[in-house]
Amino acid sequence: MNSPYRTAGRAAIASGILGMIAYFSLIGFLLIRNQDSQNGTLPIRVHDSCVIFQFLFLIPVSIALFKIIKEQNLKITQAFLNVGIGALCFTVLFLLLIFPKILADTLYMAPQGVFGAWVIVACWRLKVFIPQWLRWFGIIVGSGLILAGLFPIGYGIFVDNVIFHIPAPSDEVMDKIPAETTANIVVHLFLYIGSFIGVLTLPVWTILIGVRLLRSKIE
C-alpha cells in the first residue's frame, strides 16, 4: 500500500521536472527577447505556467516534511506549516495575476522568498530524515530564494515603485526607468545570485527530496 510519503515523493519529482522546464524556458526568453519581443512571449508564458504547477506540487511535499518533523518529536506548531503553504499559495496567485496583467511579472518572487525561509527552517529540523549534505544543500537553496525574493521589494523601494502598481505597468513604462543607477544594479545583483543558487537549484533539491520520500518507510 502506498504511503502518503510516496505520494509526496512523486509530487516532489514532478515539481522538480517542471521547475527545470520553467528555468530553461526563462533562459530561452532572455536569449530571444532582444531579437523579437513577440516570439519571446511564448517561452515566458511557458515559464509562468510551469512555475504555477511546480509550486502547487510542492504543497503535498511541504505537508509531508512537516509531518516528518513532528514524528521526530520536535516542537513545531501548525503555524509553521501554514506559513509554508501560504507562501506557496501566494506565489501561485501572484503568477496567475500576471496573465491578465494585474500584477508585475516579478512580484511572485516575494512570497517565493518566504518559502525559501521556510525551506531553511525545515532543513534545519530534518536532521534524521535527510543526510547532512542534503540539509545544507536545502539551506543554500532557501537562501537563494530569499535573495531573489528581495528583488521586487528592493526594486519597488529603491528604484521605482511602479512595480507595485495595479494594473501592472506596460513594457513601455518599464523601459523608461533608468537602468544604470546604483540601486538598480544592486537589486539586480541580488536577483542574479538568488536565481543561480536558489531558483536553478530548487528543482534539483526537490527531486532529491522526492527520491528520499519514495524510499522512506512509515513505522
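For all residues, glycine too, the Cβ spot is worked out from N, Cα and C.
TrEMBL annotations:
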- 12-32: transmembrane segment (TRANSMEM)
- 52-69: transmembrane segment (TRANSMEM)
- 81-100: transmembrane segment (TRANSMEM)
- 106-124: transmembrane segment (TRANSMEM)
- 136-158: transmembrane segment (TRANSMEM)
- 189-214: transmembrane segment (TRANSMEM)
Folded-back contacts onto the transmembrane segment (12-32), same chain, C-beta under 8 angstroms, at least six residues removed: 39-40, 43-44, 46-48, 50-51, 53-55, 57-58, 61, 199-200, 202-207, 209-211, 213-214
Selection from 52-69, 81-100, 106-124, the stretch that has most Cβ pairs under 8 A to the transmembrane segment (136-158): 106-124
Outside the transmembrane segment (106-124), six or more residues from its ends: residues with CB under 8 Å to it: 51, 55, 58, 62, 65-66, 69, 80, 83-84, 86-88, 90-91, 94-95, 98, 130, 134-136, 138-139, 141-153, 155, 163-164, 191, 198
